[in-house]
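Taking it in order: structure first as structure tokens, then the write-up.
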Amino acid sequence: MGNNIVDKIYSLKQMRNAIILSHFYERPEIQDIGDFVGDSLELSRKAASTNADVIVFCGVHFMAETASILSPDKKVLLPNKSAGCPMADMAAYEEVKKLKERYPNAVVVSYINTTADVKTISDICCTSANAVKVINSIPLNKEIIFVPDKNLGNYVSKETGRKLILWQGYCNTHDRLTAEEVLLTKERYPYAKVVAHPECREEVIQLADGVFSTSGIIKYVGESEAKEFIICTEEGIIHQLEIRYPNKVFILPSNKLICPDMKKITLEDVFYSLENLRPEVKISDEVREKAIIPIKRMLDIK
Ligand code: 13P
Ligand code: SF4
């Protein structure tokens with residue numbers, strides 16, 4: 001389709017009164033066409049507040065679902081319908097329901113990386129940016145079930161001093177990074193600061209100078225005096241870091257920090273999606289009415 005595919009996307013976008021939302025893990029060329037590039041929390045806030053008629057969600061399935069729950073009158077497109085989140089799929093609705101039945105008084109906190117069905121049986125959602133605040137908002141006498149990320153859950157439990165009933169899910173991309181890989185990288189870059197996403201294993205988190213969501217990592221780098229950073233999260237974020245801080249150096253401690261699902265959407269997919277207004281992600285009213293409750297509770301936490 002040639003180089004002018006970006007121009008074609010822009011004119012279709014105008015014609016459709018569409019907005020393109022992109023996560024920091026998307027391919028660089030997809031981040032570059034985004035009207036807004038952000039972390040999961042910022043993207044859901046944007047999806048809730050936009051005036052566009054069409055939201056082209058360049059992320060993974062649960063993100064498009066969240067956008068559709070928050071903006072039911074808008075058309076939400078996921079340009080590649082097979083872009084999912086393997087971690088979200090580790091918590092099946094029926095299984096979460098069973099766990100909830102075992103702890104009937106527990107508050108169910110679900111990471112935004114869950115299916116809309118799981119959100120219908122959750123009390124409040126969180127993202128990596130607000131997980132500590134969300135847990136701190138729950139009365140001390142309440143038991144808490146945390147679904148699905150055991151690494152984020154473990155990190156938040158340590159930060160808040162709260163005992164959590166943890167689902168045993170994990171993000172394949174983050175969980176495969178080892179402390180050994182980080183230590184070897186630190187030997188090569190002794191002055192570098194180590195920044196990690198809380199989806200990493202505890203052994204990696206322990207080596208980090210800072211632990212943040214993707215936006216938090218970008219902010220930390222911007223505010224730090226350091227010149228070199230070992231980035232323990234999905235490699236897509238390097239593109240944003242290099243645009244924003246061209247004089248700083250970013251090192252990935254492993255060449256395996258790639259989320260295959262976040263890399264699925266191509267410029268061609270975005271073009272076809274805007275042209276044909278599909279694949280659409282649409283949530284039934286029945287699911288939406290319940291799933292919106294935990295999401296709204298989360299968004300109300302400032
Ligand atoms: P954040 O952008 O919220 O840090 O989340 C990372 C992630 O893995 C999303 O799937
Ligand atoms: Fe899911 Fe991990 Fe990919 Fe995020 S990086 S979408 S948590 S698999």
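From the backbone N, Cα and C atoms, a Cβ is placed for every residue, glycine too.
TrEMBL labels come from automatic prediction, so no person has curated them.
Going by what TrEMBL states, the iminosuccinate site holds His23, Tyr111, Ile112, Asn113, Ser128, His197, Pro198, Glu199, Thr214, and the candidate of Ser11, Ser40, Ser49, Ser224 recorded there is Ser40.
Annotated [4Fe-4S] cluster-binding residues in TrEMBL are Cys171, Cys259, and among Cys85, Cys125 the one listed with them is Cys85. In sequence order, Tyr25, Cys171, Asn172, Thr173, Glu234, Gly236 make up the list of same-chain residues 6 or more apart from Cys259 ([4Fe-4S] cluster binding site) whose Cβ falls under 8 Å from its Cβ. In sequence order, Val60, His61, Phe62, Asn113, Cys171, Asp261 are the residues near Cys85 ([4Fe-4S] cluster binding site), counting only same-chain partners six or more apart with C-beta under 8 A. Remark: of the binding-site residues His23, His197, the most isolated position is His23 (fewest other Cβ atoms within 10 Å of its Cβ). Within 10 Å of the Cβ of Glu199 (iminosuccinate binding site) there are 27 other Cβ atoms, across all protein chains. Cβ neighbour count for Tyr111 (iminosuccinate binding site): 30 (other Cβ atoms within 10 Å of its Cβ, all protein chains included). Summarising the environment of Cys171 ([4Fe-4S] cluster binding site), the number of other Cβ atoms within 10 Å of its Cβ, over all protein chains shown, is 24.
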